[in-house]
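Undergrad: Pasting in a structure now, in structure tokens, and then I'll have a few things to ask.
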Amino acid sequence: MAKILVLYYSSWGHMEAMAMAAARGAGEAGANVTIKRVPELVPEEVARKAHYKLEQEAQIATPLELADYDGFIFGVSTRYGMMSSQLKNFLDQTGPLWAAGKLVNKPATVMVSTATQHGGAEIALASTQLALQHHGMIIVPLSYAYQGQSGNDTVRGGAPYGMTTTSDTDGSRMPSAQELEGARFQGKRLAEITAKLVR
């Protein structure tokens with residue numbers, strides 16, 4: 001049974017919801033799924049004033065534990081079109097894993113949350129994937145196999161590179177049913193591909 005880590009950062013709960021949906025999908029594919037988050041870097045007083053969701057069910061991950069998993073689903077909140085500093089800081093601490101080749105040939109997929117439709121989702125997906133490629137990880141995209149991303153009748157997350165969601169600048173828009181379904185689809189796809197590689 002493939003061991004999948006869903007690792008995310010979420011300020012207001014949007015990516016937390018996407019991570020839970022992706023975990024459900026991975027579980028449907030028969031994977032042993034663990035959901036964890038990266039540590040918050042914003043001082044607590046500042047985070048509380050900004051109404052961050054500081055109490056989240058997922059435990060805090062440590063960088064070196066990534067070696068224990070077969071595949072990964074990364075949930076990324078963006079800042080100015082890039083991955084958040086919280087996830088970047090976490091990945092910057094994985095140097096020992098890189099030096100030992102511990103993540104080589106392990107599948108990974110990425111989802112992104114932005115405040116606006118044009119807030120850099122595709123750039124954040126690509127730049128996060130670049131960091132994972134330095135580890136030799138195998139990138140598993142959402143792809144157009146998930147047809148729910150097509151159409152322009154409403155605000156609709158998704159890109160061939162990974163699932164996306166838009167929160168609005170005040171955080172008032174939570175992931176839609178279509179976006180949560182896309183996250184579930186992406187999680188299941190990652191788990192199915194991982195299972196084929198760990199046989």
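Here the Cβ of each residue, glycine as well, is placed from N, Cα and C on the backbone.
Straight from Swiss-Prot, here's the annotation block:
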BINDING   10-15, 78-80, 113-119, HIS134  FMN binding site
BINDING   TRP12  NAD(+) binding site
BINDING   TRP98  substrate binding site
DOMAIN    4-190  domain 'Flavodoxin-like'
REGION    155-175  region 'Disordered'
Undergrad: Which residue counts does DSSP yield for the region 'Disordered' (155-175) in the helix, strand and coil classes, in that order?
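TA: Final tally across the stretch: 0 helix, 5 strand, 16 coil.
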Undergrad: At the Cα level, what's the spacing in Å between THR116 (FMN binding site) and the residue listed as 'substrate binding site', rounded?
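TA: The separation of the Cα atoms works out to 34 Å.
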Undergrad: Looking only at C-alpha atoms, tell me how far GLY119 (FMN binding site) is from TRP12 (NAD(+) binding site), rounded to the nearest Å.
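TA: Cα-Cα, rounded: 16 Å.
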Undergrad: Hey, what's the Cβ neighbour count for SER113 (FMN binding site) at 10 Å?
TA: 31
Undergrad: Looking at Cβ-Cβ distances, which residues of the chain lie under 8 angstroms from THR78 (FMN binding site) while being 6 or more apart from it?
TA: SER84, VAL112, SER113, THR114, ALA115, GLY119, GLY120, ALA121, ALA124
Undergrad: With TRP98 (substrate binding site) as the reference Cα, tell me which of the binding-site residues SER10, TRP12, GLY13 is the closest one.
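TA: Result for TRP98 (substrate binding site): the nearest of the binding-site residues is SER10.
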Undergrad: For the binding-site residues SER10, THR116, which Cβ has the most other Cβ atoms within 10 Å, all shown protein chains included?
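TA: Per the Cβ count within 10 Å, the most buried is SER10.
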Undergrad: Restricting to the domain 'Flavodoxin-like' (4-190), what is the model's mean pLDDT?
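TA: Average per-residue pLDDT within the domain 'Flavodoxin-like' (4-190): 96.
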Undergrad: Cβ-Cβ under 8 Å from TRP12 (NAD(+) binding site), same chain, 6 or more residues apart: which ones?
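TA: Residues satisfying the criterion: HIS51, TYR52, LYS53, SER167, GLY171.
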Undergrad: GLY13, GLY119: which of these binding-site residues has the highest Cβ count within 10 Å of its own Cβ?
TA: GLY119
